[in-house]
Every structure is written in structure tokens, then in C-alpha cells.
Amino acid sequence: MADLRLRTWLWPLILMSSGVLLLFFEFGLLSPYTPQLQYILAVLAVFGAMLFFGGFARNPAEWWRVLPGWTFLALAVLLLLSTIGIDQRWLGATVFAGLALGFTHIYLTDRNGRWWALLTAGFLLVFGLVIGFSAWLNQVEWMALVLFGGAGAIFFLLFLLHRRQWWAVLPGGILWVFAVLLAVRGAGDLMAPLLRWWPVILIVAGLVIVFWPRSASQGERLEIHHAPPRRQRNSASTKQSLSSTPPQNYMKQTPGSTIEVLPDPDE
């Protein structure tokens, strides 16, 4: 009960204090105290991360603790990178990378039951790369290429690691189609005639799905039970009736006993 109350007050306190601190940084109120203040906050972030990782080590069932742990580590890296004057877009990518590592850790705790964490980690990583590459790439087409191509690769990675999640091929293929179209469009007028043939990719994908070999495993096949033949059932019922009939020895009169003949109810 005490732990629940602590969580109820801890998370709002962390969120509000983080918001106030970031507002101070945005308005330059903490500029006279940098970079010493950033080093102190980075150490505090690492300490908070160790607390969450320690709680997960004591109780692995509370796997959610690894997510704030990796987030605090990402904040520590962000604070350290901000002292060397790195581009702010890469600072934002650092936060997304920390969240991606957190969900990857969640996936590794139970690969079969928490496969969804792999998708979340991949999407966060792709978003972080798009934000970071925006510092170098000025064309929107190339950033969209990284976005669609990376997201499609995450779906195909899920299919390669978990063949039962075959549906991941469909969104992955569609995203890669968009990525190819963007790449061809950004290549110039030489590749423009190929844009008319892009529906062929959908036709090929449909043929692959139709002719994909499907074989049901032995464990997935239904087991059919047949009723026994009528003769066998009759013989079984006869044996059961014979077994329920009392032996003839119990019908004989034993010494000292009397036999009372009951009248017929119809008489």
C-alpha cells in the first residue's frame, strides 16, 4: 500500500519538476550556471536510472521499470551532449534512442509474449533517426525515405524473428513500396517512366501470398473421434447390465433369515 502511494506521488512530482527545469533552460534562466548545473543534473539522472534498474533486478516481474531507467540514462547523455554545442535535433534524437533501448529491453525480457515492444522500439528509433538526419538532409523526400524504409524494415524484422506474425509482411511491403517510389522520384527524370509500373509490385505481392506454402503442423490439426459400431455398443451395454445384476448367491436364503413375499401393488 505504501509503495502504491509512493508511485502515485512520485510520477507527478518527476513530471512537474522536469517541466519547470526545462522551462528555465528554454528562457535562459539557468545560463549563468552552465555547464556545472548540467553535470550535476546528469549525475542525478544516472542515479535515478540506477534506482529503477535496481528495482527491476529485485523484482523482474515489474518489467516497466526498465523504461524510465533507460529514459533517465538518455537524459543524462542529452545533458552531457548539450555542453559541447551539438545540434539540438540530435539531442532530440538521443531521447528517442533512449526510449527505443527501453522497449528493446522489455522485448528481451519475454520475446514471445512481448513482441509488440520490438515494433515500438523500432518506430522510436526510426523517428529519432529522421529527427537527427534532418540536420543534414534538406529535402523532404529523403527524410520520408528514411521514415518509410526504416518502418518497413522493422516489420520485416518482426517477421524474421517471429514467423507466426506473418501479417507483418503486409505493412512492411507497403511501406517499402512508398520508400521505393520516393527514391525513384528523387532520382530525377531518368527514373520517371518506372513510376508507371509501380502497381506491378502489388501484383507480385498478391501472387506471393496466394502461392505461399502453407502446411499445418501436427499440433494444429483437429482430432476427430468416431462413435463405436452399433454391435460394439450393444455388447458393451449388455456387459454393463450383466455386471449390474446381483449374483445368484445373494438370492439364496441364509440360515436364520426369513423371506417375506410382498403383494403386487395391482392386486
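Residue 1 is the first one shown; counting continues down the chain.
Yeah, the Cβs are placed from backbone N, Cα and C, and that goes for glycine too.
What TrEMBL says about a protein is an automatic prediction, not a curated fact.
As written in TrEMBL, here are the features:
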- 9-30: transmembrane segment (TRANSMEM)
- 36-56: transmembrane segment (TRANSMEM)
- 63-84: transmembrane segment (TRANSMEM)
- 90-108: transmembrane segment (TRANSMEM)
- 115-136: transmembrane segment (TRANSMEM)
- 115-145: domain 'Rhodanese' (DOMAIN)
- 142-161: transmembrane segment (TRANSMEM)
- 168-188: transmembrane segment (TRANSMEM)
- 194-212: transmembrane segment (TRANSMEM)
- 226-267: region 'Disordered' (REGION)
- 234-257: compositional bias 'Polar residues' (COMPBIAS)
Please list the DSSP helix, strand and coil residue counts for the domain 'Rhodanese' (115-145).
24 helix, 0 strand, 7 coil
Using a Cβ-Cβ cut-off of under 8 Å, list the residues of the same chain that are 6+ residues beyond the ends of the transmembrane segment (142-161) and lie near it.
111, 115, 118-119, 122-123, 125-127, 129-130, 133-134, 168-169, 171-176, 178-179, 182-183, 186
Could you tell me the mean pLDDT the prediction assigns to the domain 'Rhodanese' (115-145)?
86
